[in-house]
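Student: Found this in Swiss-Prot, in case it helps:
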ACT_SITE  SER162  active site, nucleophile
ACT_SITE  ASP327  active site
ACT_SITE  HIS360  active site
BINDING   ARG232, ASP361  substrate binding site
DOMAIN    56-365  domain 'AB hydrolase-1'
SITE      ARG329  site 'Important for acyl-CoA specificity'
Amino acid sequence: MDSDTLMPELPSDSVGLVAPQTAHFDVPLALACGKTLQSYDLVYETYGKLNASRSNAVLICHALSGHHHAAGYHSREDRKPGWWDAHIGPGKSIDTDRFFVISLNNLGGCHGSTGPCAINPDTGRQWGPDFPMMTVGDWVHSQARLADRLGIERFAAVIGGSLGGMQVLQWSLAYPERIANAVVIAATPKLSAQNIAFNEVARQAIRSDPDFYDGWYAEHDTLPRRGLKLARMVGHITYLSEDAMGSKFGRDLRSDDLNFGYDVEFQVESYLRYQGDTFSTSFDANTYLLMTKALDYFDPAAAHDGDLAAAVAPASCPFLVVSFSTDWRFPPSRSRELVDALIRAGKPVSYVCIDSPHGHDAFLLPETRYQAIFASFMGRVAHDSGLEDS
């Protein structure tokens, strides 16, 4: 590689060059679906240093299409850093000069952790559609085992956005003694009927692709690209607000004249197709199906006759709940539903709705007020954990 094409110097507020690690587990993991994973791998990255008392660990939980690479660069050839680099690094909201940050790829994922693309030891072939259904609870149990492996008894904070926020909530309920603070961003305590409907449309787009082969597409040396492309296009529409789409694309055409056909004419069409095409070759379709079903299934209040306040009763840590004004996928009203339940249950909670034009995807971006509030809360976490001079 010509040195002129390499990044000359990594940003000063970057965690720098990072490398994934793999933890292998031979202790069987019983799953909510009734099946058991006899063994499995979890791929993860860490940023910062674990202190002597092991009290500065922070866990990052990823969203639907996320993975372990949340910050930094794998090489100087990388065009982009990890997916949450805007918030993880020296001096950033999740300050790696203070905190030891862990980010992993969940079970069922397609970025190294055991999932549909991995080999099923019982058959010698890829798991494919035989990989068991996962739930948010299953992920949290596996994450707790990773914490055990790393010698971390209690996290200073567990943090996540979107589906990651649901995992944070589940952590506070399943392992209240192991989480000192919870940060739930752009999330919901359960999906609405509309959100389940969006997920079902995406799944049907994938499953109806002739190249899907009932999930065994790898054995046919193909990919259900068309279906996954459509699923991602639908998803992107829900991740952006109407205002964001309007300001970014409006009704702009790719050329000066209408072509009176079905080829791409509007810039927004071009954008959606590009996003879909890119995703269709970089993400696994079976993983997408699993992740959306885990979203659908999450509903901690269901076991309490729909009483969310009763469901959150086991939680014992302070919460920061963040929503965004134009997020219509998980709107502020759903965050307030969680906040109201926490208040009724007598739990300490701080809530803010950030005025942002960027819709659901705002949780990924460096919004000024969002960063300030996030950093302030994490500063309090550091203070309460005695990490100010770490």
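Glycine is treated like the rest: Cβ placed from N, Cα and C.
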Student: In the three-state scheme derived from DSSP, which category covers ASP327 (active site)?
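Tutor: ASP327 (active site) sits in coil per DSSP, no helix or strand.
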Student: Of SER162, ARG232, ASP327, ARG329, which recorded positions come within 10 Å of HIS360 (active site), going by C-alpha to C-alpha distance?
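Tutor: Within 10 Å Cα-Cα: SER162, ASP327, ARG329.
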Student: In terms of DSSP three-state secondary structure, what is the assignment for SER162 (active site, nucleophile)?
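Tutor: Reduced to three states, the DSSP call for SER162 (active site, nucleophile) is coil.
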Student: For HIS360 (active site), what is the secondary structure by DSSP, using just helix, strand and coil?
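Tutor: Reduced to three states, the DSSP call for HIS360 (active site) is helix.
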Student: List, in sequence order, those recorded positions among ARG232, ASP327, ASP361 whose Cα sits within 10 Å of the Cα of SER162 (active site, nucleophile).
Tutor: ASP361
Student: Report, in whole Å, the straight Cα-to-Cα distance of ASP361 (substrate binding site) from ASP327 (active site).
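Tutor: Computed Cα spacing between ASP327 (active site) and ASP361 (substrate binding site) is 8 Å.
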Student: For ASP361 (substrate binding site), which residues in the same chain are close in space, meaning a Cβ under 8 Å from its Cβ, but six or more apart along the sequence?
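Tutor: Within the chain, ASP361 (substrate binding site) has Cβ neighbours under 8 Å at TYR239, LEU240, ALA244.
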Student: Taking the Cβ of ASP327 (active site) as centre, how many other Cβ atoms lie within 10 Å?
Tutor: 28
Student: Determine, from DSSP, whether ARG232 (substrate binding site) sits in helix, strand or coil.
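Tutor: Reduced to three states, the DSSP call for ARG232 (substrate binding site) is helix.
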